[in-house]
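Engineer: Got a structure for you, questions after.
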Amino acid sequence: VAEGAGVIEPGEKEAQGWPCHSTAPCQEVVATWGLVSSPRQELLKWNGWGYNDSKFIFNKKGQAEFTGKRYRLGGMVLPTFKEWIEKTFGASLEHKTTSRASLNVNDVPPPIVNEEFLQDLRATKISYSQDAEDRVFRAHGHCLHEIFVLREGMFKRIPDIVVWPVCHEDVVKIVELACKHNLCIIPFGGGTSVSSALECPEEEKRMIISLDTSQMNRILWIDEKNLTACVEAGIVGQDLEKQLAESGFCTGHEPDSMEFSSLGGWVATRASGMKKNIYGNIEDLVIHIKMVTPRGIVEKNCQVPRMSTGPDIHHFIMGSEGTLGVVTEVTIKIRPVPEYQKYGSVVFPNFERGVACLREVAKALFALICHFLLFAKGHALKPQVASIFTSFLDGLKKFYITKFKGFDPNILCVATLLFEGDREKVLQHEKQVYDIATKFGGLAAGEDNGQRGYMLTFVIAYLRDLGLDYYVIGESFETSVPWDRVLDLCRNVKERIVRECKEKGVQFAPLSTCRVTQTYDAGACVYFYFAFNYRGISDPIHVYEQIERAAREEILANGGSLSHHHGVGKLRKRWMKESISDVGLGMLRSVKEYVDPNNIFGNKNLL
């Protein structure tokens, strides 16, 4: 919502000059505050995850500590993390890597320049930059190999220019100029991609434009009667929720990356969030999309909840990953902010019991969020791993002493829960869920542990940067799988990772674990985490990629999907034919060839 404007009813917008559609001049839109209203590199790390002032460090006492005040876990000390990382990975604080402290502009590839395009761009008054730092910041997402490259060297190919449109019309102008001069455009939203989607193809000889949507960060209107809002695609998740909350609404879409990822990015990758059981995935939330392509603007003629007019054109847009055009505006479902919210947690004797419980809860179709954590066998509640999740597992240990005496601490697992909605219904569903958990041997472990466990999802990514400082590389990847294959897939993939590490010469035992994060009637989303000490390996990223590729092959062999919500990008596109068939792949190619015959959107994702 425009700052100070409040909620404007449909019909009032045009009378007040409110730009409810992009036919209004950009300057009539009142700018809003936001995460990325200032240059990203002033707030965010240039070669790591998250905010500059938030990270895990080893303090003078040798204890791991989480810095900054942006998170509730800020100031958290992990007293035995040092011991855990040494025993688990064979790492040592004495063996520290030397990451580049700052960007050396002399290492940055010089830009390819099309002077005629620049002349036309200046005439539009659209902001742009050819600064090395601006270009490097938008040359990557957050795959392990991308961050490793930034710590150790430099990409061979990066964008040649960054442009900042502030409205739909600006995007139209940029795309028209790119078509006129035959240039390449790579849309850039929040930069949180973990599929190599933002990497520039090394063989691209044309000038590459990074089209940064961050300044398109306004809520254009809110419709209280129809519970919808029209939002510019560059807004990041946390800003969207904060601004909607000022008017008493929310979307409920909460991916782990919501602090930094953008609405347009959610649409482009078919995103999912931790609260999807209440609010749905992005495809369930979207009412209308406007996208600029080389052929023109794609959108439906009305904003209605459903249409029977052939294949849904939204499904050509959702998941297109920047290959067809730029999403500029999205009309999305909203709901009143829930009146009541309650966290919870359950400890199960083992992973099998936990999965069985989740399956039973999914059958009951309760409106709950269930975030499921599995700790690696042999380390569940031992102090070493407890140090990673300090306050969370410290609380569980107290419960363990008094209540869990029949559980084997080496194999138990924990589910964290979040209930939202009407207070009476929340309490009713909470009771039903705990009753089901009891049938599967689960024991309630308290609200505090549930809240801490839920909040952990937002800081886990920061651990990777600390590991990289001490020769430990790690990554996560996800899949979806039918219920009857969850256990086999989890076991087989974890075993495959361990076996591949040994065969590829990894000298230390890897960490290989998983969690179930989203549930459906027909299956679940499973996240895998693995990490290993790469000392003694000359090309650790190559070895890592071989292991990840083998893990993905194992997922597919066990009936899992290529991706649940991270998308395909360039990282997984080798498996697209296997995933959607020859004919399906041909259909995608046909759409690409018609919409973008000159490959203006040439990031080479998907196809």
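Cβ coordinates come from backbone N, Cα and C, glycine included.
Dumping what TrEMBL says about this protein:
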ACT_SITE  Y527  active site, proton donor/acceptor
BINDING   187-193, 269-272, 321-327  FAD binding site
BINDING   R464  substrate binding site
DOMAIN    155-337  domain 'FAD-binding PCMH-type'
REGION    1-20  region 'Disordered'
Engineer: Calculate the distance in Å between the alpha carbons (Cα) of A271 (FAD binding site) and the residue listed as 'active site, proton donor/acceptor', and round it to a whole number.
Structural biologist: 14
Engineer: What's the CA-CA gap between P187 (FAD binding site) and R464 (substrate binding site) in angstrom, rounded?
Structural biologist: 26
Engineer: Run through the Cβ atoms and count how many others sit within 10 Å of the one on G325 (FAD binding site).
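Structural biologist: If we count other Cβ atoms within 10 Å of G325 (FAD binding site), we arrive at 26.
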Engineer: Within 10 Å of the Cβ of A271 (FAD binding site), how many other Cβ atoms are there?
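Structural biologist: Counting Cβ neighbours of A271 (FAD binding site) within 10 Å gives 26.
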Engineer: Sort out the sequence-distant neighbours of the residue listed as 'active site, proton donor/acceptor' for me: same chain, 6+ apart, CB within less than 8 Å of its CB, listed by position.
Structural biologist: S476, F477, E478, C514, R515, V516, T517
Engineer: Whole-number Å distance between the CA of S193 (FAD binding site) and the CA of the residue listed as 'substrate binding site'?
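Structural biologist: Here the two Cα atoms are 16 Å apart.
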Engineer: Would you report the average pLDDT that the model assigns to the domain 'FAD-binding PCMH-type' (155-337)?
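Structural biologist: 97, rounded to a whole number.
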Engineer: Of all the binding-site residues given, namely G190, G322, G325, which is spatially nearest to R464 (substrate binding site) at the Cα level?
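Structural biologist: Checking each of G190, G322, G325 against R464 (substrate binding site), the shortest Cα distance is to G190.
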Engineer: Would you count the other C-beta atoms found within 10 angstroms of the C-beta of R464 (substrate binding site) for me?
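Structural biologist: Result for R464 (substrate binding site): 21 other Cβ atoms within 10 Å.
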Engineer: If you skip the near sequence neighbours and keep only those at least six away, which residues in the chain come within under 8 angstroms of G190 (FAD binding site), Cβ to Cβ?
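Structural biologist: Expected: V236, G237, S257, F260, S261, S262, G265.
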Engineer: Take the Cβ of P187 (FAD binding site) and count every other Cβ within 10 Å, whichever protein chain it belongs to.
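Structural biologist: Summing over all protein chains shown, P187 (FAD binding site) has 28 other Cβ atoms within 10 Å.
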